[in-house]
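Here Swiss-Prot flags CYS184 as active site, thioimide intermediate. If you look up Swiss-Prot, you'll see ASP191 marked as active site, proton donor. The substrate binding site annotation in Swiss-Prot covers ILE83, GLU84, SER85, HIS223, GLU224, and the record cites sequence analysis as its basis. Taken from Swiss-Prot, the feature NADPH binding site covers SER85, LYS86, ARG252, GLY253, and the record attributes it to sequence analysis.
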Amino acid sequence: MQHPAEHSPLGKSSQYIAEYSPELLFPISRTSKWAELGLDGANLPYQGVDYWNCYELSWLLPSGKPVVAIGEFAIPADSPNIIESKSFKLYLNSLNQTVFASWGELQATLARDLSAVAGKPVAVRLRSLTEVAGEGVATLPGQCIDELEISVTQYAHPQPELLRCDASRVVEESLHSHLLKSNCPVTGQPDWGSLVVQYRGAALDHASLLAYLVSFRQHADFHEQCVERIFLDLQRLLQPQSLTVYARYVRRGGLDINPYRSTEALRVDNARLVRQ
């Protein structure tokens, strides 16, 4: 079956347009991947957001002087569409030789265009380099599981059967790993990520979680669907009172993608990690 991104700019030679071109944005419906995971878009078992951070954002003032900034975009996890990443990059590059009278005008333009393609309101925040530089680099909450001893032989597809828990013990804990890797389903390029699991429920075996995450290593899927698959596999196993799965991926093409899925109200810390 042809992947819905096959008609996107991914994996194709592209002309870089330097003047405002919102038509470059390419939507990819979430519906087919939701169906693959047994989800109904009208009744999702989580709340969430996809945080995109742009480090290659520039435009012109009326004087012709360039401005640079860092852009933060929050796309609702229940939006009908994701925005294909290369088309997002091409769209942002089309702002390079475009005049905007103010930061506010650009922010409103970005929010309008991205919301139209995603199918739900997208929150946009533009930040100065000085503001972001003052925040430094964050660390993930909880215990890192990457030094645990595991044995792994299969990497082609996620293996939820590796996950184990102790149903006789209920715990509340935060775990994280920097060993998440999957591949772009169109180009095959590697996607490197760090992942947080926060939950209250049956005690999860930490080594089994690490082995499970490593089983994604050759799996081909987008960032958002990988996080949703992890959320659902953990939810089925743990039957938790609360569960949050949050991944922060290494940037490509000046963009990083950070999907967040939770049973709880959104409390997202969009703080950059050392690899971002």
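Our numbering is plain: 1 for the first residue shown, then up by one each step along the chain.
Any Cβ shown, glycine's included, is placed from N, Cα and C.
The most densely surrounded of the recorded positions ILE83, CYS184, judged by C-beta neighbours within 10 angstroms, is ILE83. For the pair LYS86 (NADPH binding site) and the residue listed as 'active site, thioimide intermediate', the Cα-Cα distance reads 12 Å. Long-range C-beta contacts of ARG252 (NADPH binding site), restricted to its own chain and to partners at least six residues apart, with a cutoff below 8 Å, comprise SER85, GLN189, ASP191.
Secondary structure at ILE83 (substrate binding site), as computed by DSSP, is strand. Of ILE83, GLU84, HIS223, GLU224, GLY253, all annotated as binding-site residues, the residue with the shortest Cα distance to CYS184 (active site, thioimide intermediate) is HIS223. Sequence-distant neighbours of GLU224 (substrate binding site): residues of the same chain at least 6 apart with a C-beta under 8 Å from its C-beta are ARG30, LYS33, ASP50, ALA77, ILE82, ILE257, PRO259. Between the C-alpha atoms of GLY253 (NADPH binding site) and HIS223 (substrate binding site), the distance comes to 15 Å.
The Cβ of HIS223 (substrate binding site) has ASP50, SER182, ASP191, GLY193, ALA247, TYR249, ILE257, PRO259 as same-chain neighbours under 8 Å, each 6 or more residues away in sequence. Of all Cβ atoms in the shown protein chains, 22 besides its own fall within 10 Å of the Cβ of GLU84 (substrate binding site). Its Cβ placed at the centre, GLY253 (NADPH binding site) has 15 other Cβ atoms within 10 Å.
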